[in-house]
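Here Swiss-Prot flags 1-106 as region 'Disordered'. According to Swiss-Prot, the feature compositional bias 'Basic and acidic residues' maps to 1-10, 31-40. The compositional bias 'Polar residues' annotation in Swiss-Prot covers 16-25, 61-75. Annotated compositional bias 'Acidic residues' per Swiss-Prot: 46-56, in sequence order. Residues or ranges marked as compositional bias 'Basic residues' by Swiss-Prot: 78-90. The feature substrate binding site is assigned by Swiss-Prot to 219, 328. What Swiss-Prot lists as divalent metal cation 1 binding site is 240, 251, 449. Per Swiss-Prot, divalent metal cation 2 binding site is recorded for 251, 320, 353, 449.
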């Protein structure tokens, strides 16, 4: 999920992975899919010989010693009873649409490790200071095996759900169908419907599913009261969704197109994201990562309708670090060169993402609302003359906390007549409202994103798959 930056402020308006793109974006078997087919090797009867008994071996010949008494003809004429081979228990595999809980596919609780990169040598003059070491002590959760397990499980769910999305989403479907399909898949694999009080805080969507088309760069999701949009064969669609377990959010995004015209646009943004991942690390200045991203993206151009467009990095959205239950943690990674001296630090979690556009490369807020997010520093209770505001705030605290949510999620919980209360919370700065972000009409934009963990010994691209 892109973080809006301060440089600028509805929908359709007018280890070195390959950068090649296919007509429907980055398809392919997700990392760990073989494990989900095999049930991580722990299911089955354990015979390993398709029903052979005891020490019988396929192709083995048994002989009778000459000194042993030979059986009578009557004995030999009797038909020897053959034992029925044991039925082999078939390994579980993921269904389509994905509905098998991930814990059933990985009964040992061990999930695929993300792609790991060793750190390069530390640049002289950028070694950690004492204050940074103190900050690290307050966020050493990546040393906790349970946190790593939560992250890897959430990442595997993301891979399996996006694999289904890439294989099944086609023009002619509505954006509501697509969003609900993704979200139903995530909840099914988590084995948590999220309908009881507090369940959404245990696990669920990390933020509303983003389905931004063409000149809508980011922050669009179908919501009640809006006209539903039908996906067209000429559309370029950014698919951005998050999965959280115990507040640890995996944020990953990809772009789908159905026309090879846009292949170079997708390739540019994928290359820029992978360049950002390659350059990220402990003690690295964010400005250096930004400069590398810009250089990679601007080396591409795309021809549309006989006209050549440079691929421009979008200047007023950025990558970001992630805190527990907080998708935007405070640090930003712009896609253009800057003079910031802020560094990445050990123990931090980053969403490395890039957006590229054939338009201006900057955005304005569009019509409508994408979602809402409670201020992490907001009080536990609010005093408001509106009973609807007080009731809504209680619902937000019990079900979302500081996780970004949308109107669809409220109505799924059965919340009614909440708009006046929501407006009150927004106007008082307790809840932030997010609008769609638009580039110029007629332009096209793409996005790719991964979540990386800056562990002590390596950076782990936890959301990496065989697709992107």
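A Cβ is built for glycine as well, from the same backbone N, Cα and C atoms used for every other residue.
Here the features listed in Swiss-Prot are painted onto the structure.
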{"residue": "219", "record": "substrate binding site", "contacts (Cβ under 8 Å, 6+ apart)": "1, 2, 210, 212, 370, 371, 434, 435, 436, 437"}
{"residue": "240", "record": "divalent metal cation 1 binding site", "contacts (Cβ under 8 Å, 6+ apart)": "1, 2, 209, 210, 212, 218, 251, 252, 253, 447, 449"}
{"residue": "320", "record": "divalent metal cation 2 binding site", "contacts (Cβ under 8 Å, 6+ apart)": "3, 327, 328, 329, 330, 331, 332, 333, 350, 351"}
{"residue": "353", "record": "divalent metal cation 2 binding site", "contacts (Cβ under 8 Å, 6+ apart)": "2, 251, 253, 273, 276, 319, 447, 448, 449, 450"}
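For the divalent metal cation 2 site, the Cβ centre of 251, 320, 353, 449 serves as reference, and the other residues of the chain with Cβ at most 8 Å from it are 1, 2, 3, 240, 252, 253, 319, 322, 350, 351, 352, 450, 451. Remark: of the binding-site residues 251, 449, the most isolated position is 449 (fewest other Cβ atoms within 10 Å of its Cβ). Listed in sequence order, the residues 1, 2, 210, 241, 242, 252, 253, 351, 353, 447, 450, 451 complete the 8 Å Cβ shell around the divalent metal cation 1 site centroid, once 240, 251, 449 themselves are left out. Around the Cβ of residue 328 (substrate binding site), the number of neighbouring Cβ atoms within 10 Å comes to 23.
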